[in-house]
Amino acid sequence: MAEAATGFLEQLKSCIVWSWTYLWTVWFFIVLFLVYVLRVPLKINDNLSTVSMFLNTLTPKFYVALTGTSSLISGLILIFEWWYFRKYGTSFIEQVSVSHLRPLLGGVDNNSSNNSNSSNGDSDSNRQSVSECKVWRNPLNLFRGAEYNRYTWVTGREPLTYYDMNLSAQDHQTFFTCDSDHLRPADAIMQKAWRERNPQARISAAHEALEINEIRSRVEVPLIASSTIWEIKLLPKCATAYILLAEEEATTIAEAEKLFKQALKAGDGCYRRSQQLQHHGSQYEAQHRRDTNVLVYIKRRLAMCARRLGRTREAVKMMRDLMKEFPLLSMFNIHENLLEALLELQAYADVQAVLAKYDDISLPKSATICYTAALLKARAVSDKFSPEAASRRGLSTAEMNAVEAIHRAVEFNPHVPKYLLEMKSLILPPEHILKRGDSEAIAYAFFHLAHWKRVEGALNLLHCTWEGTFRMIPYPLEKGHLFYPYPICTETADRELLPSFHEVSVYPKKELPFFILFTAGLCSFTAMLALLTHQFPELMGVFAKAMSDIFCSAEFRDWNCKSIFMRVEDELEIPPAPQSQHFQN
């Protein structure tokens, strides 16, 4: 019964929609019939005569004023359209036409849309959740004191935005603090330090936290039950204070490494103590989770220091050990650091093994994963690749695999090739990136450009094939090929993450809609005609009459430019030019 009632309601709705479609025609004929019947009481004939007489009495100045007014209105519409397009990326009139006028004029298949919505509701919700712009911590981020601040000292430019640094402060509060920090004076100070905006205030707070730990405290624990001998202990060092000093105060990588080694001693001790007490309650469990994050962060940054200082093999070993010890902590994306270090060692077999583990359909992708896979496949054929030879004989299987890998990488992040091919200048990468955005492209190319240059012919193959990706995805914002449609929000988020002196790469490149171009041309042409008519009324009148004769005459093909100009001279009575006189010596 319920299904029958539902079917009857759907049929009734379709009948109502069908009747409304043709009811407009009925109303139109009814209005025409009423006008015809009431033509005498309404004095329609007299009104038409009055209107025609009024139009006949209008002077050319009225038409000039009317043309100027229409040009002004068109210009205002053009300015509004341009502003709306710059702000929202679409034409206002086109959007209104598509959203409101098309359903009224062309109709919409409600049944099919309802069915598609009901059947694809889950997939649409999943797509929206996946395509939502999420900002990620840059796994290859630089050191503020040793790298970012030195860039500022040399160039006078700030490489980090306030939004980016604010995200880092939130990350530090999440990773390095817990609810029980107020019980320990040093941790309480550091909890406030991570929220400080002023770098000098943060550094001073870190030094204060370390000074507190230097104070000896008497712990009244007798070594022997019936003895009066007491044990003197030192408060445990504050590992997070060393982290802050290594990140922001150290001016060289070597100084940062020394501070991180001190942080490792303190962090390892705190981690072992909290590991023994983690099952005693939720408070101890949260403290152990915090100590785990601190220890992983310290070891990862020590590996990055070794990589910066040229000890690449040592860095690889530290990263492998860290991934084995903490396999579940994927939020730091240590495998991307490992891939970059292995590429520096040219250990391509090890790189392939890491990709086989992390380039999985169930795991989130990144530019490092996609472009490293493309680099490995391009390495097998790039040294012998020639576009002329490929056009003659076609692509081999290995070349086809390399091209498909490049297309896959470009579809995921289309901004990277311009940086790898040095078509666009690089800047220092931000501390946070947006997947598939310009910020991720900068972070990848900053560290991996040297690896692409090291593989002979890889950049040439990329240069010849990367633009072919866009033929497979003509509408990247609506439908993708191997990935979800390109998210619309990347440009806005990248502008917040990247400094103002950098020109953000936009994909797909926005082109002005035809309506804006047409309105601009029509407005300019009309304004020019109005100005010429106002300044040269006689000449424009002759020109208009000549043009009307050309288009209205049956013999317009026999006319030529000479006859037109002769007629203009006769009408305006232009005097002949004076003959030049030759001066004799």
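Placement of Cβ uses the backbone N, Cα and C atoms for every residue, glycine included.
The annotation transmembrane segment is assigned in Swiss-Prot to 15-35, 62-82, 512-532. Per Swiss-Prot, N-linked glycosylation site is recorded for ASN47. Annotated phosphoserine per Swiss-Prot: SER386, in sequence order, evidence recorded as similarity to another entry.
A distance of 79 Å separates the Cα atom of the residue listed as 'phosphoserine' from that of ASN47 (N-linked glycosylation site). Just so you know, of the recorded positions ASN47, SER386, the Cβ with the fewest other Cβ atoms around it within 10 Å is the one at ASN47. In this structure, SER386 (phosphoserine) belongs to neither helix nor strand by DSSP; it is coil.
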